[in-house]
Structure formats: structure tokens, C-alpha cells
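Notes follow once the structure below has been shown.
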Amino acid sequence: MELVAASVSKVVLPRAKCAASSEIPTHFSGAAVKLDPKRPSNSIVYDIKATVSTQPSSFQSIGPSPVEQHMGQNSTDQFMVVLVSSSHRACSLAPETEKDNINNSKPQVTPYQLWTRKSSPSHVSEEKLAVVRGMTSWATENLLPLLKPVEKCWQPQDYLPSFSSPTFSDEVRALQQRTANLPDDYLVCLVGDMITEEALPTYQTMLNTFEGVRDSTVCSPEPWAVWLRGWTSEESRHGDLLNKYLYLSGRVDMRMIEKTTQYLIGSGMAPQINNDPYNGFIYTSFQERATYISHDNTATHAKQFGDSKLATICKMIAADEKRHEIAYTRVMSRIFELDPSGSMLAFEDMMKKKITMPAHLMFDGDDEKLFENYAQVAQRLGVYTAADYVSIMEHLIRTWKVESLVGLTPEAQRAQDFVCNLPTRFRRLAERSQTMTKRRGPPVSKSFSWVFNKEIKLL
């Protein structure tokens, strides 16, 4: 990890967790550290004379898995980044001035990281690259048909009032009447889903880091590149439609939602794929199914709350996500056929890291635990739960026929045993957590800026 502070003499960082222990770090290479009594207790002032550089030994998830969110605790092996803020977001650097010292009660934190977070080496073996590069014809025949022609796709305007219609005002009133009965906690889940969809630029960037399947010219005719652009174009409609629907409802604070989206896109994500196409297709297979489940559940709830139009919208989005899930799992199924041992080791690697949710760096400018709080509301309402996380693991194990793989290397056989036993372990953790939650008493409440700072029950 490199901390870049060119021409900055004094920098404020939130009090942070250290890779080796829970103690506050006392120095960096090239940086003297001192506590400033004028700053709040959750910050440290670093005097930095030049560029500061320190390398972590490894990089692990900086966001809790759904099981850990549901349990309300984080495993110690998650915090392997040298500095991670209390909200699990990487800390940002901001110059401190005398005015900041006097007038501000909170550290001045920029919305985006000003350093480069480095994960483990991103070298991808020639054997893996040969496998994916040899799948070009296969991708043309088996992947691209899962993209729908634009002329056959629904568009957001198909399900929204039209400004050009003489009945526009009546249509908006009808929409607002339908959404009037949607509970605030449901709206929190719907907004969280929408913001996740709106961070699409980050996901396209992530997909284009996979070695061997990149869109090298941004208009490449190669099938992997055609898929990437087509997938992005289909996904872009999801956030557009939900955003406009929520805006017209008048039930949510759009400015705070827009701030959250900008923060999220600016912060990026840390899926721990390391440019490896095997890791990448495992991640996308898992994540697309998770997104499908979440949208499908919001559709069910919308119908129960009396908004059949919103239920239809969420169902359509879920159908897209399902088709995209099929695409990525189909790719990985083929890779399992061509390189079973390499695929098995990659599956184990991603399961050990735990699948990081794409919006895990969510922030609205105030709530440093926004994603964690939103995830707990989703867990309580049954929109996306720890049980869903386990069910996705089981689904992928079945889909890729992991239990019946033969001819594996000894290392891959050990990985096979590990992965096949994971769902049982995670399910026990989830059940134990549910028991603990029931014993804990009434749910804790937290205000959400998205719904005008109303108090919403968590777990």
C-alpha cells in the first residue's frame, strides 16, 4: 500500500486498525506520528515530509461477509490492510490547516482514497491465460447469445410516467399513492439495491481487469469485449429505472442518495480478484446470483405492500440478473472442464477470502457504517440474508459439479474437501447467530439519511 502525500506537511487520518495488532501504529517509513489533543479521539495527526510507502504482507476483505454482518462481528483475519478505518473503508488523506484545527470537530476526509491499495501479486499463470484465450470461439457460440438485442429489451421509460403525456400529473399521483404504503425499512433496502446498481462504472472497470479477456481498445470485436460492453449496457437500465421511480415517489432524500452514489463510485471496490480470470468469473457468478436474489425478494415485498408496478420492475431486473448469472456460471463451468485443478484452487481461494459485496465501501458523508447498517436491515427483512449467502455456495458447488470432480492434484483435492464442507460450517454459524440475536433483545435502531434520517430497526 502506498500513501501519497506530495507537498503535504501535515495529514489527518481516522484512528485506524493495524495489520499486526489492534494497537494504533506509532510510525511509518518517512513519517513521524504525534497525537494532537485538539483533534477528536478518533483521529491521529501524521507529519509527513515526503511520499510515504509501506507494504502490507497480504490483502484481505475490508468488508464483512453476510454471515459476519448477521453475527455483528468481524473475524480478525479480515483486517490485513495496514490501515483500515473503523467503517472498513480505506482511510483518505486530507491536508490539515490551522482553520481545520480550530473550527472542525471531525477530520477533513476526502471522498476518495489518495493512495493505491496493493493486493497480493497479480501475476496470472500462462496456463490460465492459455485456457481463457483458447475459449474465444466457445464464447462466441455460448456466451454472446445470452445478450438480448437492444430492440427486444425493456427500457426505463416503459414503466415511468411520460412528461410528454397529457396525463403525466395523474400518473405521478398514482405512483405516489402506490408508494405511500411502502415501509421505510423496505425503502432503505430498495435504495441500497439501487445505489449498488448505480455504481456500474466500477463494475465495468473491474471486469476489464481480468487478464486474457479484456476489452483492450474499448471497441474490440473480440467476443469477451463484446460481452463486457453488452452486459454493461443491459445493467445500466436497472439503476436508471429505480432511480427515477424513487425520485417520483417523493419518499426518499434524493440528494443524500446521489451523494452516496458518488462516494461509492469514487471509492471503488476491493473484490480481491487480482486480475485472475478464474477468480473473476467465480466472483461474478456468485455476485450476479446474490443480486438476482435481492431484486426478486424486493419484488415479492413490493407486491405484498400493494405496489404491483414496482413488483413488476424488480422482477424484470431480477430476470436480467438471472440471465447474467447463467452467463458467468456457464463460463466457469467450461473452465472447470478445461482445468479442473486450477478452477478448484481458485474456488477455494475466493471462498477463503469471502465474497465482498460490491457496495461494501458505501458512504453518505456521515454514516461510516452505512453498508453494515443497510445489510442488517436487508437481513431482518429477508431481502438478502446469511442463509442466501450459504445457498449461493451450495448452488455453485452443484452447478460446477465440484463434489464429483476427479483427476485433481493433491492440493486441488484438499481444496475440494474444504469447499464442499463450507456450506455446513457457514450454516451453523448463521443459525448460531440467529439464536444469539433473539437472546439479545429488541433490535437496535439507526437513522438513515436516505429516508430523511428516520430511525430504522437493524437486527
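Note: Cβ is positioned from N, Cα and C throughout, glycine not excepted.
Remember, TrEMBL labels are computer predictions, not curated facts.
Database features, via TrEMBL:
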- Glu197, Glu235, His238, Glu321: Fe cation 1 binding site (BINDING)
- Glu235, Glu288, Glu321, His324: Fe cation 2 binding site (BINDING)
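Take the mean position of the Cβ atoms of Glu197, Glu235, His238, Glu321, the recorded Fe cation 1 site; other residues of that chain with a Cβ within 8 Å of it are Leu200, Glu234, Ser236, Arg237, Gly239, Thr291, His295, Ile317, Asp320.
The 10 Å shell around the Cβ of Glu235 (Fe cation 1 binding site) contains 20 further Cβ atoms across the protein chains shown. All chains included, 25 other C-beta atoms sit within 10 angstroms of the C-beta of His238 (Fe cation 1 binding site). Excluding Glu235, Glu288, Glu321, His324, which define the Fe cation 2 site, the same chain contributes Trp231, Glu234, Thr291, Tyr292, Asp320, Lys322, Arg323, Glu325 within 8 Å (Cβ to the Cβ centroid), listed in sequence order.
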